[in-house]
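Asker: What TrEMBL records for this protein is below:
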DOMAIN    31-151  domain 'Alpha glucuronidase N-terminal'
DOMAIN    156-475  domain 'Glycosyl hydrolase family 67 catalytic'
ACT_SITE  GLU313  active site, proton donor
ACT_SITE  ASP387  active site, proton acceptor
ACT_SITE  GLU415  active site, proton acceptor
DOMAIN    476-700  domain 'Glycosyl hydrolase family 67 C-terminal'
Amino acid sequence: MAFILQKARLFLSFFIVVTFSQTYANNGYDLWLQYKKTENNNLLSHYKSTVKSIVVFGTSKTIEISARELKKGLSGMLGQTIPKTSNIESDNVIVISSLSNLEKNFLPLIENDFVNLPDEGFLIKSVKYRNKNLTLIISKNDIGVLYGSFAFLRLLQTNQRIDNLNIKDAPRLKHRLLNHWDNPDRTVERGYAGFSIWNWHKLPEYIDQRYIDYARANASVGINGTVLTNVNANALILTPEYLEKVEALANVFRPYGIKVYLTARFSAPIQIGKLETADPLDEKVQQWWKNKAKEIYERIPDFGGFLVKANSEGQPGPQNYRRNHVDGANMLADAVAPYGGIVMWRAFVYSEHDPTDRAKQAYSEFVPYDGQFRNNVMVQVKNGAIDFQPREPFHPMFGAMPHTPLTMEFQITQEYLGFSTHLVYLPKLYEEVLQADTYAQGKGSTVAKVIDGSLHNNSLTGMAGVSNIGNDINWTGHHFAQANWYGYGRLAWNPYLSAEKIAEEWIRCTFSNSEEFVDTIKRMMIKSRETVVNYMTPYGLHHIMGTGHHYGPAPWVSNLPRPEWNPVYYHKADGYGIGFNRTKSGSNATSQYFPEVEKMYDKAKTTPEKDLLWFHHLPWDYKLKNELTLWEGIAMKYQQGVNEVYEMLTTWEKMKKYIDNERYNDVKMSLEIQLKEAKWWRDACLLYFQQFSEMPLPDGVHAPNKNLDYYQSLKFPYAPGRG
Ligand code: BDP
C-alpha cells in the first residue's frame, strides 16, 4: 500500500511540475539569471567534470550569498546538485574567498595577480594544487567574490569552457547607480512597468522578496548604488518616519554591495525643518543639513549621499536665494563629507527666462564653475543637451570641465522611445555616446575617457541610469527592456564593452544558446535603436513627441506656455525647409564643442547625416548623400522604420520554436503594438511636414489612410508615466 501511495505521490508531483512549468512557462521574473540546464552535451560533461563541489572561506553575508548563488546556478546548469564542502583536498572544486580569508597555502598561486587590482575586482583562475584541479574565485574584498561568482556563472550561462581560466576584472567606474524616479505614493515618473517596487506603506517591517531579488539582479551586473527617490523630490523622505524605511532597504541591499542614496529637496529645511529659508549661505540652513546628514548616517553608516535637481523645471534651488550651483552643492557636500558621502548635482537645467537655445543653457551655466565644487561633488550630465531623445549628439559639457568629475546620466526607461511597448536595445545608444570623441585633449578623447576619469585624472567616477523597473511581473514591462537594465549595468562596470557583446551575453543568459537564435535575435536587437530613430526622429529631428506624456507623435504642438516645451521649437519646419540652425549663423551651439567637433557640425556637408537637422535648417530639396532630396529622405526613413518593425515581428515569429510560449506571446503582442505605432508616427509626421514641403510622397512610402486632423485630434489623458 505504502509503495502504491508513494508511486501515486511521485506521479502527482511529476504532474504538478509539468503543468506548473507549462502554465507559468516563463514570466520573465528571473531576468538573465535563468540557469537552465546546459543543452550542449559536450559542454555539459565538461562542466560536470570541472565542477564537483564548492569550498567557501569566510562567513560574511556577502560570502554566504555568493556561495548560495553558485550552488543555485551550477546545480541548475549542470542538472545536479553541487554541494558545498570544506574539503580542499578534493578534485575539481570551486574555491571562493576574499584575499584576507584565503588559506595561506593558496597565496603563492595568486599573489602576483593582485598587484594593482582595484577594490571590488576579482580573479578567476584555474590552478593545480597538490595535483588537484581547482578554480579559484578570489577578490580583495567580499563584494568582489560575489561579482566574481556571477562572472563565473556567466561563463557557463554563455556556454564557454571553464578550464584554463585566468580572468582578472574590476569596475572602471566607482559609482554605478540606478536612479529611481519613484514617488512616495508608488507612482513612477516616466515609469512604464507598473508601480514602484518600494512599498513605503509596509516598510520597514515588511520586506518584500522583490527587494532581495532586485539587489541580487543588480549585483549580478555590478550596480553598486541606488537612488530610491524621484529627482522631483519630496522632502518627506528625509523625515524620521521615512528614514526608518530607507534604513530597512539599506540593510537588505548592503550584503549585495549596494548603497542607498536619496534625492534632497533643496527647500527641505523649510518644509520639514521649520526654517524660514533654505539659503545655502545661511548658517542655520547649513547646520540643518549637517544635522540631517548625521541623523541619516547614524541609521545608515554607509549611506551613499544625495542626488539633487535644483533650479530646473520648477524645482527649488540656490538661485531662489541669488546663490549659485556651487553654493548649493558645496553646502550639501560639506554635510555628508565627514561620513564619506557624495553629492551628485544635476546639470539638467534650462530656464524660461533664458531666451537662448535650450541646448546651450546647461553648458553656459555650469562650465564657468569648473574647479569650484568640493571634491565630493560630481556634476551629473545627461548624455545629450536636450533630453534623452532617440538620438542626440553627445553633451558638449563632456570634456569641457577638466577639474570637475562628471557623471553620465543615461535613461533606461523609454520616456521618448516607445515606453515599455517598443523593443529598443539601448546599449547601442549608450555606446554611441561613450565612444564619441570630444577632442578635449586631441583625437581619441572619448566621452568614456571623460567619465572614467582617465582623461583628466579624476578618481571620483560614476554613471547613473534612470531605472525602467516597476512591479510588473517581468520587472521592466517588456522582456527586451530587461536587456537595457542589464546592458546599462555592464557598461557602468566597463564603458568600453561593445553593445554587441553585451546583447549576445544577455540573449544567451535570458533565452537560449542556440546559435541560430542568438545570431538572429542579436541582429534584431542591434538594429532596433536605429529603427526607432527612423520611425520617430530621423536625420537629427528631436522632441516632436506628444505634450507632457511624450507618447506618440505631435510635431504640431505650438501652444505651450514655455517656447522650448513645444515641438515646433525643435523642428522649425517652414516653407523653406526644416531643422534647428545651431551653427554660427544660428544659435551657435556648435561653438560649445571643441574646435574639431565644432568645425564638423558647423557645416551641413561635414555633419554626419544622422545629426543633420539637429544642427542645420535645410531646404526641402537639399541633396542628401544618396541623391534623394531631404524631403524624400525623411519620408523614406519613416517608411524604413515601419518596414524594420515589420521585419522584427516576422523574425520573432520565425524564432518561435526556441522560446517558451509565455514570453513568445508577450513579446509578439508588444511588437504588434510597436508596428501600429510606427505607422502612426510615419503617417502623422509626414502629413504634418508635407504641409510645408508641399511635395508628394516618394514611391515606396505608404500613403496615410487618415488625415492630419485625425492625428491631431488624438488625446491621451491617461498615458502612463506622468508620476
Ligand atoms: C525629463 C522628464 C521629466 C524629468 C526631467 C528630469 O520629462 O519627467 O523630471 O527630465 O530629468 O526627461 O529632471
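Backbone N, Cα and C define each Cβ position, glycine as well.
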Asker: Neighbour count, 10 Å Cβ-Cβ cut-off, for GLU313 (active site, proton donor): what number do you get?
Answerer: 14
Asker: For the domain 'Alpha glucuronidase N-terminal' (31-151), what are the DSSP-based totals of helix, strand and coil residues?
Answerer: 52 helix, 28 strand, 41 coil
Asker: Mind checking which of ASP387, GLU415 has the fewest other CB atoms within 10 A of its CB? They're the active-site residues.
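Answerer: Across ASP387, GLU415, these active-site residues, the one with fewest Cβ atoms within 10 Å is ASP387.
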Asker: Can you give me the Cα-Cα distance between GLU415 (active site, proton acceptor) and ASP387 (active site, proton acceptor) in Å, rounded to a whole number?
Answerer: 10
Asker: On the 0 to 100 scale, where does the mean pLDDT of the domain 'Glycosyl hydrolase family 67 catalytic' (156-475) fall?
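Answerer: Looking only at the domain 'Glycosyl hydrolase family 67 catalytic' (156-475), pLDDT averages out to 98.
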Asker: Could you give the Cα-Cα distance between GLU313 (active site, proton donor) and ASP387 (active site, proton acceptor), in whole Å?
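Answerer: So the alpha carbons of GLU313 (active site, proton donor) and ASP387 (active site, proton acceptor) sit roughly 13 Å from each other.
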Asker: Which of the three DSSP-derived classes (helix, strand, coil) applies to GLU415 (active site, proton acceptor)?
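Answerer: The residue in question, GLU415 (active site, proton acceptor), is coil (DSSP, three-state).
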Asker: Could you check what DSSP calls the residue listed as 'active site, proton donor' once collapsed to helix, strand or coil?
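Answerer: Once the DSSP labels are grouped into three classes, the residue listed as 'active site, proton donor' ends up as coil.
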